[in-house]
Amino acid sequence: MDEEIGGAARQAQWKNYCKTLSLLAFQSLGVVYGDLSTSPLYVYRNSLSGRLNAYIDETTIFGLFSLIFWTFTLVPLLKYVIIVLSADDNGEGGPFALYSLLCRHAKFSLLPNQQAADEELSTYYQPGTDRTAVSSPFKRFLEKHRKLRTCLLLFVLFSACMVIGDGVLTPTISVLSAISGLQDPATSGLSNGWIVFIACGVLVGLFALQHRGTHRVAFIFAPIVVLWLLSIGIIGLYNIIRWNPRIFVALSPHYIVKFFKKTGRDGWISLGGVLLAITGTEAMFSDLGHFTAASIRLAFVGVIYPCLVLQYMGQAAFLSKNMPAVYNSFYLSIPRPLFWPGFVIATLAAVVGSQAIISATFSIVKQCLALGCFPRVKVVHTSRWIHGQIYIPEINWILMVLCLAVAVGFRDITVIGNAYGLACIAVMFVTTCLMSLVIIFVWQKNVLISLLFLVFFGAIEAAYLSAAVMKVLQGGWAPIALAFVFMSIMYVWHYGTRRKYMFDLQNKVSMKWILNLGPSLGIMRVPGIGLIYTELVTGVPAIFSHFVTNLPAFHQVLVFVCVKSVPVPYVPIDERYLIGRIGPREYRMYRCIVRYGYKDVQKDDENFENHLVMSIARFIQMEAEESTSSGSYESSTEGRMAVVHTTDTTGTGLVVRDSTDDDAAAAAGTSSLTRSSKSETLRSLQEIYELESAGNVSRRRRVRFQIDEEERIDPRVRDELSDLLEAKEAGVAYIIGHSYVKARKNSNFLKTFAINYAYSFLRKNCRGPSVTLHIPHISLIEVGMIYYV
């Protein structure tokens with residue numbers, strides 16, 4: 001009987017798993033494969049352009065299809081579906097995920113404020129990783145040389161710049177290729193100028209809708225792509241039967257040999273067009289975080305692979321009997337009665353394919369931002385349910401302007417295809433190189449296996465890369481120019497930010513100076529909590545002494561807040577806060593380190609102040625318990641940090657009650673709560689601010705903290721908690737430094753230009769730190785300071 005029940009339960013679990021897997025696979029068709037599935041619009045057109053026109057016959061077309069088939073089999077199917085999708089970082093994929101894995105399993109990271117405590121995160125190491133394994137000589141060699149680690153970071157940033165280039169070129173070529181069907185004299189016969197004008201209108205509409213978020217139309221995207229794939233698969237099968245069933249013999253790689261024997265160098269240059277068949281493949285890995293590896297594999301093997309192979313085979317069969325149709329082979333291969341439905345579906349599919357790479361570009365920029373390699377931009381989380389769905393207004397409009405510039409400037413799909421192919425193959429080559437390192441350092445496999453992977457796939461991609469480079473003058477310069485501009489921005493920002501951090505690190509305020517000031521810090525301590533933002537995870541920043549010498553009073557409780565990124569995709573909320581103490585207890589100075597992963601979105605969290613108070617209260621209790629067990633309450637190690645959970649009040653010695661105006665009035669005279677010290681003017685300003693921000697304030701849970709009278713608490717701990725609650729009731733102020741970074745007078749020309757002009761320009765034209773940290777303006781205090789670096 002028990003066996004029957006167990007069997008029924010397993011069967012039910014299996015059915016649920018299959019149902020979930022099928023649903024995810026269906027959704028992935030709309031998000032992941034939009035770009036890859038629209039490649040048949042322009043592959044043959046680009047491949048057979050230029051000098052290859054002189055060789056067009058059945059043998060050449062068969063050989064070209066054989067090249068497309070084997071490229072499509074070896075790279076997307078063998079490399080990505082079977083191998084690379086297994087190298088996920090806690091479910092995340094892409095070049096940054098591979099780099100993050102390498103940084104955690106070897107000391108490759110260049111992030112300046114990393115701590116040993118970060119390695120205790122539950123998501124830091126892969127399951128089954130042997131942390132006691134003896135490091136190889138190769139690993140020690142890479143860890144020892146900082147320049148090699150810098151080159152690795154630059155390599156990854158170059159890949160990120162090429163992905164941004166994809167974000168410009170993919171929408172342009174996809175939409176232009178779809179609209180180009182209207183050039184056929186048998187339909188409307190529009191001129192090239194009208195085609196570009198209509199394409200620009202579609203592009204403007206596409207980018208204008210980005211702020212709504214892709215999740216709102218995710219279920220619309222998937223049916224469009226499914227309909228598109230089934231349509232082109234059926235049309236391909238029709239063309240095979242109708243025009244040339246012999247095309248099946250071209251599945252033999254023998255036709256590739258015949259193709260190169262006949263075309264020689266011109267055939268090799270045509271590889272730049274063939275690689276367009278695999279553009280969008282990187283999205284399978286980059287968008288892994290939204291789905292699962294199993295669902296992406298199922299969608300590729302079950303739908304993408306057979307439908308696209310049939311379409312490429314059908315186009316080749318059509319072209320073998322209709323060779324003059326090369327200029328628009330996709331639309332001309334569609335039976336006349338089906339042209340307009342095919343045109344509409346193709347246009348919709350092109351928009352869907354563009355959406356996928358635009359979303360990926362937002363994600364890449366967010367990851368560069370987490371590494372400190374991109375100027376501050378506003379990141380908007382567009383979905384409550386799908387983690388990682390973001391929108392970046394500045395990047396969206398920059399991409400739109402660049403897309404329009406490419407469409408109007410080039411006007412030629414072949415030229416845009418040359419640029420597009422170079423950007424895509426560069427990203428794939430970087431992934432291959434990073435994967436070879438992951439095989440050694442993360443999977444801990446033999447170096448020979450890594451070399452076999454690198455040589456086999458690296459050789460294939462190097463061949464395509466060399467062909468793409470040959471077309472630099474025919475449009476291939478565009479992604480290189482874009483990469484150069486974005487790399488320059490990233491490098492200048494990273495350099496300036498790092499020099500500023502090093503200045504703070506080298507000019508920290510000594511603990512002796514703070515102790516000499518006494519608990520009052522030599523100034524008036526007024527009720528309230530002061531949150532001082534800094535990038536340092538240890539010590540007190542130099543700007544603090546600037547505050548003390550320029551402000552007549554300071555808050556009763558001071559918290560040094562450091563918001564930092566760690567090389568993991570997500571940090572669990574229960575592991576996000578590290579709390580510590582600075583100086584003796586009577587100083588009431590604490591440190592709070594808030595940790596985010598490179599895929600985490602720092603949302604406008606209205607409960608941050610409440611979380612902070614609970615975290616500090618729990619830390620005070622934890623510290624007292626440890627001190628009691630050691631027999632000395634007064635012992636306190638300066639710099640000690642503890643991970644503190646913020647999901648409930650257990651162990652804080654506090655109780656939380658929802659606060660209303662009536663409750664506040666009734667509680668005004670109680671001993672457990674203190675009266676706010678805010679002036680009438682400040683209160684009126686607060687009321688105006690809350691009315692203007694009514695949409696956000698309505699979601700805020702208003703709470704009031706009280707000391708738990710039923711819990712036995714040490715009197716000294718009770719006093720400290722009472723001071724904390726008194727300060728919280730008085731109000732919270734956010735204090736940041738408005739810094740001006742200048743190069744020293746003896747700096748060389750390059751450094752002076754980079755710091756005084758380039759970095760200064762970027763700082764003036766990017767978002768302020770108060771915006772990216774979601775600091776309410778009504779509570780913000782900025783103090784100016786000049787950094788000479």
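One-based numbering along the chain as shown.
Every residue, even glycine, has its Cβ placed from backbone N, Cα and C.
Feature annotation from TrEMBL assigns domain 'K+ potassium transporter integral membrane' to 24-515. Residues or ranges marked as transmembrane segment by TrEMBL: 61-82, 150-173, 193-210, 217-241, 267-286, 298-318, 338-365, 386-408, 420-443, 450-470, 476-493, 513-533 (among others). Annotation comment: TrEMBL describes 527-787 as domain 'K+ potassium transporter C-terminal'.
By number of Cβ pairs under 8 Å, the transmembrane segment (193-210) is matched best by 386-408 from the list 150-173, 386-408, 450-470, 476-493.
When each of 150-173, 267-286, 386-408, 450-470, 513-533 is checked for Cβ pairs under 8 Å to the transmembrane segment (61-82), 267-286 comes out on top.
Residues 154, 157-158, 160-162, 164-165, 168-169, 272, 368, 372-375, 402, 406, 410, 418-423, 426, 468-469, 754, 758-759, 762 of the same chain lie 6 or more positions beyond the ends of the transmembrane segment (476-493) yet place their CB under 8 Å from a CB of it. Two recorded stretches are said to be in contact when at least 3 C-beta pairs lie under 8 angstroms, sequence spacing 6 or more; the transmembrane segment (450-470) and the transmembrane segment (513-533) fall short of this definition.
The stretches the transmembrane segment (338-365) and the transmembrane segment (150-173) meet in space: the count of Cβ pairs below 8 angstroms, excluding pairs fewer than 6 apart in sequence, reaches at least three. Counting Cβ pairs under 8 Å that are 6 or more residues apart, the transmembrane segment (298-318) and the transmembrane segment (217-241) reach 3 or more and are in contact. The listed stretches are 150-173, 386-408, 513-533; of these, 150-173 has the most Cβ pairs under 8 Å to the transmembrane segment (420-443). In this chain, the transmembrane segment (267-286) touches the transmembrane segment (150-173); three or more CB pairs sit within less than 8 A of each other, excluding pairs fewer than 6 residues apart.
For the domain 'K+ potassium transporter C-terminal' (527-787), the model's pLDDT averages out at 75.
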